[in-house]
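Participant: Before we start, here is the structure in question, set down as structure tokens.
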Amino acid sequence: MPDTQPLRRGDPETLGSYRLVGRLGEGAQGVVYAGRAPDGGMVAIKLLHSRLGTTGLDGDRFLREVAATRRVAQFCTAQVLGVHLDGDSPYIVSELIEGVSLQRVVQTEGPRAGNALYRLAVGTVTALAAIHRAGIVHRDFKPSNVLLGPDGPRVIDFGIARALDSAMTVTSGVVGTPAYMSPEQIGGQRAEPSSDLFSWGLTMVFAATGRPAFGQDNIPAVIYRVMHEDPDLSELPDNLRPVVASCLSKRAEERPSASEALFALLDSRAEAAAAGSGEADLDRSLDAGSKAAAGASPAPPSGPAPGSDPGRAPGLSPVPASGPEPGARSAPGPDFAPPSGDRPAPPPVEETRWVRPSGVDPVSAFNAASGPALPPPGGAPPGAAGRPRRRKAFLVAGALTGALALAAAVLVIVPGAMNRSPDDPSREHARADRTSWPPAPSSPVTTSAPTSAPTSAPTGVSASGTPAPASEQPVTPSQPSTVTVFDGQDGKALKGHGKAVQSLASTRIGDRQVVVSGSQDGTLRIWDPAGHKSLHRLRGHSGEIYAVATITIKGTPYAVTGGYDHSVRLWNLKTRKSRSLGHHPIGVFAVAAGNVDGSPLAVTGDGDGMLYFWNLKSRRQIKAVRAHRDDVNWLAFGRFGDRDVVVSASADESLKVWDLTRRKQYGKTYKGHDKAVFSVAAGTLDGRPVVASGGKDKRIRLWDPKTAKSVGKPLKGHTGNVYSLAFGTVGERTLLVSGGTDGSVRLWDPVVGEQLGKAVKAHKGGVYAVGFTTVDGRPVVVSAGKDRSVRIWKLASG
């Protein structure tokens, strides 16, 4: 058993049915005791300080946050077994690890060196990679939270700092230990995974030198050095120094991810081995550990392993390991009414489409990105039984030939004329004297140019897969004089889903253009829009499906889905079989997919502001990024110049652009909405990229990616939340279609900033997804919503 100290006067002798046998340590959060369960098993019990007691603690939120920690691979952590929140003495019960803290080992035995230091670095950064993969930020990584056991280092207390801070209903102050905190943590900003890498670097310096990198004289001095000075790394070995130096960058965006740091360490070891140093058995051990950390996806919800719950005392709540707890924001079950009227109906799918050069299959271009169809904040719309908080994006996938692949968002499949290319909107820059949209950038960035001819490649991609060049001269937007308006419903509604339809996407299977829909009933359906019939019903998720995106991989159409069960699934639409790619710790609300640099990639967003990046070829998650402070509601693929990007929309009222090659934020955050943003689409207008967004403020905004600023006045018309957006081309005209919780679908001319014709009352209870596609070669609009149906709308010149 780990070294313990005798209980002190005032320490309890029992907590619930656990008998305390000694003290293991004390920190900012509470005192840790060694305890014995009724069955004789030993556990670690953290008794939280009284100031963190139940008065200011949101118990349900705390349980959810702690539950997320159980998704971390157990080979590198201490599992949380239960939580007791009743009474004045809340405590957490976890696995007792046989080991001594790194802090104590260094203090008693001296600094680590050689292979011992290298093993420590690899083992701890592997643990961080696993923790981050589960969507958790440690926030208090330091030597005392690393236990050196007989089976290697274990990282403890991960997620507990976040759980406490997130669950406090009153401000609890900065969480962490100053000597091991990142500059942004000290500055009071939200801790991201990159913050843990800064703390890891400082911990490695302590392990190698025996002293904190920024000293330990007094807190103000330490904080000043953390913020303004560089530590002395001269004592670190050559195979560790460069990695630690990169982790200690003052700029969070310049630090590597945990997995990148791990591979850098392995590369340095390989180079040393090539020079005749190193041990083969160690290399094999490290390789196995890195694969376990990099390849393990968070396990699906499951209960504690047999024997892992030693005699839980009465009143000790087992940490939920599956699905969102009642009231959790990760989205209610099918037809659920918003718990507190917080979010009404699922946000509609968003769609954007790439216009392809002639010869491209327009159908596949229809769905480039997806986002969660979140229920409108503020409660479900009248008559809405549930709040779909999932949005669908449509992968401009069809014939994604070439690197680019996709347009953003909801279900737009334009077989030819109506490709949903990222030709979003220059909506109002065209008045009588039409000025160029946006103001001509010095170095043009482009997505794709709208085209009226059927194509089979995403917009912005030439037949050879090369991005179409954009004109470097200012372009004067011009639209044909004819006006396109709705011309009634095309045939009967497509029915078959048992609950609200939250997402849409489109692709081509063989010679047939199809629409794919995801529903609160937990099924995917494949529809023939020309024949107005359901072709197949697919099952795989254990709860409602919030997001769908399609992509073509080596000629085979696939769909990527996310939902209430926290899982991300990949579907082969030809064989109609699926497999799980992995799990988020909370509901998955947004999905986008496309080919980036020749590799099929998917991005998923969840109810905790996280983005996960997936390599669809290897079927593995490759990175997790904390993107927003609140739900990621929608994702849209786009191409800005020669850069493949995805745009995220969030309940935190902002939008961000992510470089898909570097998997980091690109440019500035888009700010302008004063309420939650539910939908986003990326497109092009006159060869220049544009972004459109909509949300709870009932307005649609257009953005210039060059400046990250809103252009023109917001488009007004919807009387409910704007849940879905999509760009498309009809003839030579670039159009924007929107759907909202007011049940209407509207067409817009993004150049002049005006609605075209009258809105269509499309669905009862709310429209959750819209997009463009074609039926018998004719461009049409597709919509889905609360009334469980998918509908097709004809277009005509007015």
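Here the Cβ of each residue, glycine as well, is placed from N, Cα and C on the backbone.
According to TrEMBL, the feature domain 'Protein kinase' maps to 18-266. Residues or ranges marked as region 'Disordered' in TrEMBL: 276-388, 418-494. The annotation compositional bias 'Low complexity' is assigned in TrEMBL to 288-297, 305-315, 443-464. Marked as transmembrane segment by TrEMBL: 393-418. Residues annotated as compositional bias 'Basic and acidic residues' in TrEMBL: 421-434. Sequence annotations record features per position, and here TrEMBL assigns compositional bias 'Polar residues' to 473-484. Per TrEMBL, repeat 'WD' is recorded for 494-528, 538-581, 625-668, 670-713, 715-749, 760-798.
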Participant: Using DSSP, how many residues in the repeat 'WD' (715-749) fall into helix, strand and coil?
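Facilitator: The composition, in the requested order, is 0 helix, 25 strand, 10 coil.
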Participant: Ranking 494-528, 538-581, 625-668, 760-798 by the number of C-beta pairs under 8 Å to the repeat 'WD' (715-749), which range is first?
Facilitator: 760-798
Participant: Taking helix as H, G and I and strand as E and B in DSSP, count the residues of the repeat 'WD' (670-713) in helix, strand and coil.
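Facilitator: Secondary-structure breakdown of the repeat 'WD' (670-713): 0 helix, 30 strand, 14 coil.
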Participant: Going by DSSP assignments with H, G and I as helix and E and B as strand, what are the residue counts for the repeat 'WD' (494-528)?
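Facilitator: The counts are 0 helix, 25 strand, 10 coil.
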